Structures are given as C-alpha cells and as structure tokens.
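A short worksheet on the structure shown next.
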Amino acid sequence: MGVLSQVNARAVVIASVVVSLTTIFGCYATAVHLHHVKAWLPMISDCGVDAPEKYPFRLGIISSALLIMFNAYLVWAISGSSASKSNTVAFISALGGAAGLAVVGAVNEAEDNSVHGTAAVIFFFLYELYMIIITVNLFHVRGKTAQGYRAVSDFSLTLKVFALTVGTVALALFVYMNSDWGKYSLQIAICEWTGTMMIQLFNISFVFEYGTDYKLDATIVNSVASYAAPKQPALPLMFVAVASPRVNSKTGEWLDQVAWKPAAIV
C-alpha cells in the first residue's frame, strides 16, 4: 500500500468558497464593465447571461456545486455518517441543493428561465435545510469533542448561527417579495446576494471543525479483498484504488484504469 497524494480536508471547503466568490464577483465585474447589467444591483444570475462572462460563470458555478457536494460528504463522514439519521438527511439535502446549483450554472435564464428559476429555488431551500440540521446538531455538541469532530468552538457555532439566521430572513423576504417583482426587484436582488454570501460564510466556518487534523489520502493497494483502513486518527477519510495498475517503467504512466471508491472511515 502506498499513498499517492494527500490533501487537508479544510482545503476542500476553502476551494469551494474561493471558486464561488471568484466566479460571482468576476462575472459581476465583467458584466458591469461591458454594460450588460447595472452596477446596483443585478441578480447574480443576470451576470451569467451574456458573452463572454457566461462561459466562466457556467464553469465556476458547476465547479462550486461539485465542491459543495464534496464538502457535504466530508461533514457527513466525519460527523458519524449514518450514526445519526439527521446527518444523513442533511447530506441528502445538500446533495439535492448542489444539484440544483449545477443546473443554475448549466442553464441560464435566457436559455430557459423556468428551469433556471426552479433549480435556484431547489438550491436555496434544500441548502437552507442542510444548514439548519447541521447547526442544530453542532449546537448539541458544542464545547466538547463529537464523534469524528474536533471540539466545536463557540466562535465557529456563532458564525453558523449568524449565517443561518440572516440567510433565513433573506430567503423569507425573497419569497414574500417575489410576488411583485416589478416593485421589489432591487430588494429581491439584495436578498439573493445576502443569502448567497451567508451560504459562503456558513461553509467557510467548517475550517474550524476540520482544523489540520483531517486529511484525504489517495492510496493504492495490491488487493481488492476486504480492505480495512489502518487506524490512523489523522486520516479519517481515505480513497483507495481497488486495482493493481501496471506502470510503464520508462515513462511512469498508468497502463491500467484505476477504479476508486471510498474506503473505511476511521
């Protein structure tokens, strides 16, 4: 068995937030500069309609959705996985929300507004549910080490509660004002931006739970038979190649396809 690569788990959530914010503000700046949208204040989706900004918008939002899925999986895995039904419900909710976000990126409002709008609603509501469940679960274990987690700090929990509260108010106002778009268009845009930024704040707060203790390993093993991950507390999640690939001794290239699956969580 050999470790092919290793990355700190907190890098996943940091990458998720960086990609999201870079995409949103980069496309917003481009759209404003090219006079495709007004500076104060377009809907975020309006910044991904016209060329050239629609291309990085599509790539960035779909990438963000994939990273959100990955982070939700990490949260589910290190917090006890299926040990808590609520953790599983939260995980499924996050996956559904991230899938909705991917559709938002793939189909802009000019191409099919009904599909785009429905996907956006799915994203915000399902991810809101995810935030609620995770915050409640962490609240019950604050100040002590939960199963899989480092001790949940008061500061980390405060960030999550703040993001959840402000995000919930923004979502509620969005729903209320959505019936009269012409009258409340600016306020609706403010609610969308606020809700989106609160999701980013909620996600980045997981760096406190991850710390530097949790790492992801890509590990190659020589057998596919009933492999159990070794007891390495610093490596709670491992991805194992379940094949023995041949390697070109001259070039170092893989000659066989390597299949990957999650290994045991320790």
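Cβ coordinates are placed from backbone N, Cα and C, and glycine is handled just like the others.
When pLDDT is averaged over the domain 'CWH43-like N-terminal' (11-209), the result is 90. Per TrEMBL, the feature domain 'CWH43-like N-terminal' maps to 11-209.
Look at TrEMBL and you will find 12-35 (among others) tagged as transmembrane segment. Long-range Cβ contacts of the transmembrane segment (12-35) within its own chain (Cβ-Cβ under 8 Å, at least 6 residues beyond either end) map to 42, 44, 46-48, 50, 52-54, 56-57, 59-61, 63-64, 67-68, 70-71, 74, 196, 200, 203-204, 206-207, 210, 216.
Taken from TrEMBL, the feature transmembrane segment applies to 55-76 (among others). Residues 9, 12-13, 15-16, 19-20, 22-24, 26-27, 47-48, 87-88, 90-91, 94-95, 97-99, 101-102, 104-106, 108, 127, 130, 134, 203, 206, 209-210, 214, 237 of the same chain lie 6 or more positions beyond the ends of the transmembrane segment (55-76) yet place their CB under 8 Å from a CB of it.
Beyond its flanks by at least six residues, the transmembrane segment (88-107) meets 45, 48, 57-62, 64-66, 68-69, 72-73, 75-76, 81-82, 115-116, 119-127, 129-130, 133-134, 137 of its own chain at Cβ-Cβ distances under 8 Å. If you look up TrEMBL, you'll see 88-107 (among others) marked as transmembrane segment.
Per TrEMBL, the feature transmembrane segment maps to 119-139 (among others).
Look at TrEMBL and you will find 159-178 (among others) tagged as transmembrane segment.
According to TrEMBL, the feature transmembrane segment maps to 184-208 (among others).
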